[in-house]
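Dumping the structure here so I can ask a few things about it.
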Amino acid sequence: MNSVDSTPVPASLVIAVDGTSGSGKSSASRGVADRLGLRYLDTGAMFRAMTWWLLREGVDVRDAAAVAALAGRPRIDSGTDPLAPTITVDGTDVSVEIRSDAVNAAVSPVSAVPEVRTRLLELQREAIGDGGIVVEGRDIGSVVWPQAELKVYLSADPAARARRRTAEQGGTDVASTEQSLLERDRIDSGRATAPLVMADGAVHVDSTHLTLEQVIDRLVELAHGAGARSGV
């Protein structure tokens, strides 16, 4: 469904969608934003953009001190149209480049560097602004915007996530993808700064046996309830 839902939600509503890799956060968040006429922010793309820039500059992403020293250098801008989200670094669109295997392999250690998270946190809060947005990531409800009117934690079992991610990437090695996802979970959940957790007050949605449209329907239902309760 690509039309705005007939029942409006408050113009300042903020929906925080956190969850594991491959749980369907991006597709569901874009779908909800489109359905409700809200903006959309992919915070993961911001970390990927930072990672892409560091790799281009020849930085050893395993060297946390080197990464920290350069975290303030690139200018990263995120477009918030759910139908055509963009991410630019110093004015160059890198929407395709940030999905490369090299970035996939390097984004976790970069994301764990506190200076990177601090820099991007400022940009994320600036983008959220006065609300009217669906924001997806791993620490939105717990760190970036804990006052969000609706906080969702989206998950799925590892096998389902691996099948989805492999299909998205046009691959065939589901077992290898599952191992990569589990390693990403371990890093994201174990990092000292802003680990992946289910935020206080978040609604847990397990997408293992749900279609994308069913997940979107559920989140839209929750959004209407949150908007009615908040009166924003």
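Backbone N, Cα and C define each Cβ position, glycine as well.
Keep in mind that what you see is a predicted model, and the values were worked out from it rather than measured.
Taken from TrEMBL, the feature ATP binding site applies to Gly19, Thr20, Ser21, Gly22, Ser23, Gly24, Lys25, Ser26, Ser27. Summarising the annotation, TrEMBL assigns domain 'Cytidylate kinase' to 15-224.
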Which are the residues of the chain, Gly19, Thr20, Ser21, Gly22, Ser23, Gly24, Lys25, Ser26, Ser27 excluded, whose CB is within 8 A of where the CB atoms of the ATP site average out, their centroid?
Ala28, Leu154, Ala156, Arg161, Arg164, Ser207
According to DSSP, which of helix, strand or coil covers Lys25 (ATP binding site)?
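Once the DSSP labels are grouped into three classes, Lys25 (ATP binding site) ends up as helix.
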What number of additional C-beta atoms lies within 10 angstroms of the C-beta atom of Gly19 (ATP binding site)?
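27, counting other Cβ atoms within 10 Å of Gly19 (ATP binding site).
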Who sits close to Lys25 (ATP binding site): which same-chain residues at least 6 apart have their Cβ under 8 Å from its Cβ?
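Once residues fewer than 6 apart are set aside, Lys25 (ATP binding site) is near Val17, Asp18, Gly19, Gly44, Glu136, Gly137, Leu154.
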Just to verify: the residue among Ser23, Ser27 with the fewest other Cβ atoms within 10 Å, which of the binding-site residues is it?
Ser27
Over the domain 'Cytidylate kinase' (15-224), what is the model's mean pLDDT?
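Here the predicted model's pLDDT, averaged over the domain 'Cytidylate kinase' (15-224), is 93.
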Give me the long-range Cβ neighbours of Ser21 (ATP binding site): same chain, 6+ apart, Cβ under 8 Å, in sequence order.
Arg161, Arg165, Leu181, Arg184, Asp185, Asp188
